[in-house]
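Chemist: Below are the features I grabbed from Swiss-Prot:
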- SER112: active site, phosphoserine intermediate (ACT_SITE)
- THR17, ARG21, SER112, HIS113, LYS125, ASP280, ARG281, THR343, GLU362, GLU363, SER364, LYS375, ARG495: substrate binding site (BINDING)
- SER112, ASP276, ASP278, ASP280: Mg(2+) binding site (BINDING)
Amino acid sequence: MIKTIKTTPYQDQKPGTSGLRKKVPVFAQENYAENFIQSIFDALEGFEGQTLVIGGDGRYYNREVIQKAIKMAAAAGFGKVLVGQGGILSTPAASNVIRKYKAFGGIVLSASHNPGGPTEDFGIKYNIGNGGPAPEKITDAIYARSKVIDSYKISDAADIDLDKIGSFKVDELTVDVIDPVADYAALMEELFDFGAIRSLIAGGFKVVVDSMSAVTGPYAVEILEKRLGAPKGSVRNATPLPDFGGHHPDPNLVHAKELYDDVMSPEGPDFGAASDGDGDRNMVVGKGMFVTPSDSLAIIAANAKLAPGYAAGISGIARSMPTSAAADRVAEKLGLGMYETPTGWKFFGNLMDAGKVTICGEESFGTGSNHVREKDGLWAVLYWLNIVAARKESVKDIVTKHWAEYGRNYYSRHDYEEVDSDAANTLVAILREKLATLPGTSYGNLKVAAADDFAYHDPVDQSVSKNQGIRILFEGGSRIVLRLSGTGTAGATLRLYVERYEPDAARHGIETQSALADLISVADTIAGIKAHTADSEPTVIT
């Protein structure tokens, strides 16, 4: 039976770059999750009798909200819900299920790489029928509705058994609990040369993947160990846990340091990779070589034809604005379209739907293609294994040869986390005021060529997104980018991106922070980061 429950609105349900993210105690407030889910449904139209996909990354509070979402979908008039067994669906797998079964859309429960647990992070994101995150016009409508909502509808049916694959009824709604891995693994087998990768592994090439007690564990075990023949135990931390084992499921050099150290040790594996909370990010490490996400995007694009699913070539490349320009040099050489977008995977969706790009990437360890409409951690890992198998070269050799051909973009990101929001906003406001005066100014050997606050003009729907990050570009291809992140839940995160282009192969072996030292110093001179943040050093350097 459908019940209508009176409620009062919350004023803080504004979705960020990847949905609404808050601490669990916030989501556990009376009607908080229900209000937001109802606001999603109220902002949509035309879903009567249609299919909705629901799944999450297994974090704390995932199961409870899934039950609420199913009952509210029944009350809203959806015809069918597809939900992952155990409430599990990685974000790229959810995107694939939406596309494969022509669903109306999907509710993805995740806070991505943020920690999980009773006092940690939770998130709700709506994905549209193409499998990608809802564009701003929809998230703006959801937010507007959430501020005035006065009731929600929900079925009073019993909870369904999420652990049992099969078909269930909730009032008039059919709920299919599906194997969360099967469709995704089948898609990967279509895109990549599993035979070549299997032979590589059988020949003694040792692969280790750290799933960080998050959602990709079951996917990586099925694909790497069962289908590609990697020894049992090659996938570490393979069981998804509500608190990710007490760890921060963010695949970078801080939170995946154990994996990095293992691959770099003399007797360690040849190849290591890690993925994040919901499976959309990746870190790739070869013996003696950490691959930056910006380089990874460029190298995958340059070698795209080596994978069967991309043998006909790619139509174009897109990258987020803070991502290094390494991919631009590949696009230029191969005669491909190159698009620079704001941070947030949703901006790539239009470009992929319009056939303008095939491969996309972000510096924040996100890479993907038009096979789904989300970034995809395991996809990137398998692409690298396919390239290694096809070229019969080590990761280190592949990267250094790429630099020799295209030049090296020295690149680093400095994160200042949990900065006082007012201080961070003041820093950005003061810097914005300065921008017009910077071009022509010299700082040592660095001369400012241009400075702006990045605005994106979408070539597909003509929409404009302003204030997407401050760029200071120097003559010769170096640049500094500053932006506030929209994915954390405590304070503000100020991100500084520093990049220097080096065409001379004889100068490709410099330690990254040393190669960028003058730019890092100039960034502080121009922006006054230390003065505004009270942090003399970044929290994380990538």
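A Cβ is built for glycine as well, from the same backbone N, Cα and C atoms used for every other residue.
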Chemist: Can you check which residues sit near ASP280 (Mg(2+) binding site), meaning Cβ under 8 Å from its Cβ, same chain, 6 or more apart in sequence, and list them in order?
Modeler: SER90, THR91, PRO92, SER112, TRP345, GLY366, GLY368, GLU374, LYS375, ASP376, GLY377
Chemist: Just jot down the residues in the same chain as ARG495 (substrate binding site), at least 6 apart in sequence, with C-beta under 8 A of its C-beta; none if empty.
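Modeler: In sequence order, the residues whose Cβ lies under 8 Å from that of ARG495 (substrate binding site) (at least 6 apart) are PRO322, ARG413, HIS414, ASP415, TYR416, VAL481, LEU482, ARG483, LEU484, SER485.
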Chemist: Should the residue listed as 'active site, phosphoserine intermediate' be counted as helix, strand, or coil on the basis of DSSP?
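Modeler: DSSP assigns the residue listed as 'active site, phosphoserine intermediate' to coil.
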Chemist: Please work out which residue of THR17, SER112, SER364 has the most C-beta neighbours within 10 angstroms of its C-beta, and give that one of the recorded positions.
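Modeler: In terms of Cβ crowding, the pick is SER112.
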Chemist: Which residues, same chain and not among SER112, ASP276, ASP278, ASP280, have a CB within 8 angstroms of the centroid of the CB atoms at the recorded Mg(2+) site?
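Modeler: Filtered neighbour residues, in order: ASP57, SER90, THR91, SER110, HIS113, ALA214, VAL215, PRO249, SER275, GLY277, GLY279, ARG281, GLY377.
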Chemist: Same-chain residues six or more away whose CB lies under 8 A from the CB of LYS125 (substrate binding site)?
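Modeler: The list for LYS125 (substrate binding site) reads PRO15, SER18, GLY19, LEU20, ILE107, VAL108, LEU109, SER110, PRO133, ALA134, given in order along the sequence.
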Chemist: Which number gives the other C-beta atoms within 10 angstroms of the C-beta of ASP278 (Mg(2+) binding site), all protein chains shown included?
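Modeler: The answer is 34 other Cβ atoms.
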Chemist: CB neighbours of ASP276 (Mg(2+) binding site) within 10 A?
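Modeler: Result for ASP276 (Mg(2+) binding site): 34 other Cβ atoms within 10 Å.
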Chemist: Including all protein chains displayed, how many Cβ atoms other than that of GLU362 (substrate binding site) lie within 10 Å of its Cβ?
Modeler: 26
